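**Q** A single structure is presented below for examination.
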Amino acid sequence: MGYLQGDKPINISRLLSMHAEREKIAMLTAYDSTMSALLNRCGVESILIGDSLGNVIQGQSSTTPVTVEQMVYHTQCVVRANTHAFLIADLPFASYGDPIQALDSAAQLMRAGADMVKLEGGGDWQLEIIQYLVERSVPVCAHLGLLPQSIHLLGSFKVQGKTKTAAQVMHEQALACEQVGAQMVVLEAIPSSLGRQITDSVSIPTIGIGAGPDCSGQVLVLQDMLGISTGHQPKFVKNFVEGHPSIEAAIKTYVREVKSGKFPGPEHGYSG
């Protein structure tokens, strides 16, 4: 089961090799030590300490209230029980508005034990931030498509990249993110065909969440895939607890279905 062979902690070199070898990457979110330990036991290869904790832990209506200090706390919690998984921590809303602020925020997360930080967007200013961080030895994961931190601009969550122009822009942004040094990119809520095109054209792993089955790997919010989140669930979510006797069994099935390509199915994707 992936990195469990040889019992070695996974690193970015291994993730890049998995992308090149078309071996799927299984990622889930976690925010505490108990779930971190469980995800490690189940063979999850990467854990995202996401600012989604604003929704599923704090009960906020969006991710924007989450602070760097809160992200540091939850990163530390996950790190304490982590044995193998590659850890990515979100840079929260308004914590990377300029290069100096971004480096300070990222440094706090890296000191807390993150292996990589993630930031949203692929515009010119985000590309500048990515390059600035990478040049200062901070590994960066980009995030394109639906950007939860931009909910107040978008007005509502909706599929991105559906028009030819929007798809082309996103494709170019993915290439640009790689060019300035990003070593991974999350693709959220985009047509499956666009997810495939981007994955085929970059040499870094793409992690899909509603981006089709052809991405290098998949991620879901843990509470969503366990069926315990409240409110509307997007179509890319699958409840893995149904039909399983335990949370551990559900997570192992998620890992197995991601690795085999069974998840996501056509019913979890979007058309152009």
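Heads up, the Cβ atoms here are built off N, Cα and C, so glycines get one too.
Predicted automatically and left uncurated, TrEMBL annotations should be read as such.
Quantities reported herein were computed from a predicted structural model and do not represent experimental measurements.
Found this in TrEMBL, in case it helps:
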ACT_SITE  E188  active site, proton acceptor
BINDING   D51, D90, E120  Mg(2+) binding site
BINDING   D51, S52, D90, K118  3-methyl-2-oxobutanoate binding site
**Q** Would you list the other residues of this chain near Mg(2+) - those whose C-beta lies within 8 angstroms of the C-beta centroid of D51, D90, E120 - in sequence order?
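**A** Nearby residues not in the site list: G50, S52, T63, V66, L91, P92, F93, K118, L119, H143, P148, Q149.
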**Q** For S52 (3-methyl-2-oxobutanoate binding site) and the residue listed as 'active site, proton acceptor', what Cα-Cα distance in Å is obtained after rounding to a whole number?
**A** 13
**Q** Using DSSP and collapsing to three states, where does D51 (Mg(2+) binding site) fall: helix, strand or coil?
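**A** DSSP assigns D51 (Mg(2+) binding site) to coil.
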**Q** Which one is closest to K118 (3-methyl-2-oxobutanoate binding site) in space, judged by CA to CA distance, out of the recorded positions D51, D90, E188?
**A** D90
**Q** With E188 (active site, proton acceptor) as the reference Cα, tell me which of the binding-site residues D51, D90, E120 is the closest one.
**A** E120
**Q** Give the number of CB atoms, excluding that of K118 (3-methyl-2-oxobutanoate binding site) itself, located within 10 Å of its CB.
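**A** Result for K118 (3-methyl-2-oxobutanoate binding site): 24 other Cβ atoms within 10 Å.
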**Q** Widest Cα span across the 3-methyl-2-oxobutanoate binders D51, S52, D90, K118, in Å?
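**A** Roughly 12 Å, rounded to the nearest whole number.
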**Q** Most Cβ neighbours within 10 Å: which of the recorded positions D51, D90, E120, E188 is it?
**A** D90
**Q** For K118 (3-methyl-2-oxobutanoate binding site), what is the secondary structure by DSSP, using just helix, strand and coil?
**A** strand
